[in-house]
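Look at TrEMBL and you will find Glu86, Asp192 tagged as divalent metal cation 1 binding site. What TrEMBL records for His121, His145 is divalent metal cation 2 binding site.
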Amino acid sequence: MRLQIANRIFIVQDKPSFIDIHTHQADQPSSSVYRVRNIIVDQDDVLDEACSVGIHPWYIRDDGTAQLVTLREMLQTNPAILAIGECGLDKVTEIDWQTQELVFATQLHLANEFAKPVIVHCVRAYQEVIQQVKAAKNTTPIIMHGFKKSKELADQLLQQGFYLSLGADILKGRQDQLISSIPLGRLFLETDDSDIPISQIYTYFCRVRNLSMDELQAQLWSNFEEVFN
C-alpha cells in the first residue's frame, strides 16, 4: 500500500483488502489493511497516515475552547486528517452536559466548514445527536461508530442519512438481524480499541449476510470513496 498526499486528498494506490474505518491501534497495520486511526486532540500526535481527529466527550478540558482552537489549526494544516471524530455526546461521563453539547455542535460546524465526514461517539444520547446534526444543518456524512444497538434504532438513524460502523461486538452473535438487513451502501466496519483483526469482522459479516468476501470488500471501498472523497 502506498499513500500520497496531494491537494489535501489522500490517494490510495494498490487498494488493500480491508478498510478499518476507526481504530485506536498504534502498531503498524498489515499491508492488507487500510486504516483510519483515531487521534484525540491534545493526547495523540498526528502522523503521516490517514486519521480522524476530534474532541472525545470524555476528554473535554474546561469548556473545550482551547481544544477547539487546536482542532481548527490541525484541520487547516494536516492533509492526513480525513474526518472529524470521534466526537459526540455521552450521558455516562461526568463531563458537563452543556459543555458536551457545545463542543459537539462546534465540531459539526467545523465538519461543514472543512467538508469532512464526522465519526460519532454516542452513549444513551441518540435522539440528542440527531437533533444536533439537524440543528447544524450538516452537509457532510455522519458515521455512527461502534454501533451495537437495536435494529429499530438503526433504522431511525439510517432514515436520517447516517452511516453505521459495526465492530467486534458483532462476533457475539447479537447483531445478526441488523447484519442481515442493513443497507450495504451505509455500512462500515471497524476494530475500535479491540485487538481482533478487521479481517475476522469482515469474515463474520460475510457469513451472516451470505456475501462473498470480494463483494463486501468492493462495497466497503465504494462506501469509503463516496464518504471520504
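Using the three backbone atoms N, Cα and C, a Cβ is placed for every residue, glycine included.
Just so you know, TrEMBL annotations never went through curation; they're auto-generated.
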(message) A 10 Å Cβ contact count, applied to the binding-site residues Glu86, Asp192: which residue has the minimum?
(response) Asp192
(request) Identify, in sequence order, the residues in the chain of His121 (divalent metal cation 2 binding site) that are 6 or more apart from it along the sequence and have a CB within less than 8 Å of its CB; answer 'none' if there are none. (result) His56, Pro57, Gly85, Glu86, Cys87, Gly88, Leu89, Asp90, His145, Gly146
(request) Determine, from DSSP, whether His121 (divalent metal cation 2 binding site) sits in helix, strand or coil. (result) strand
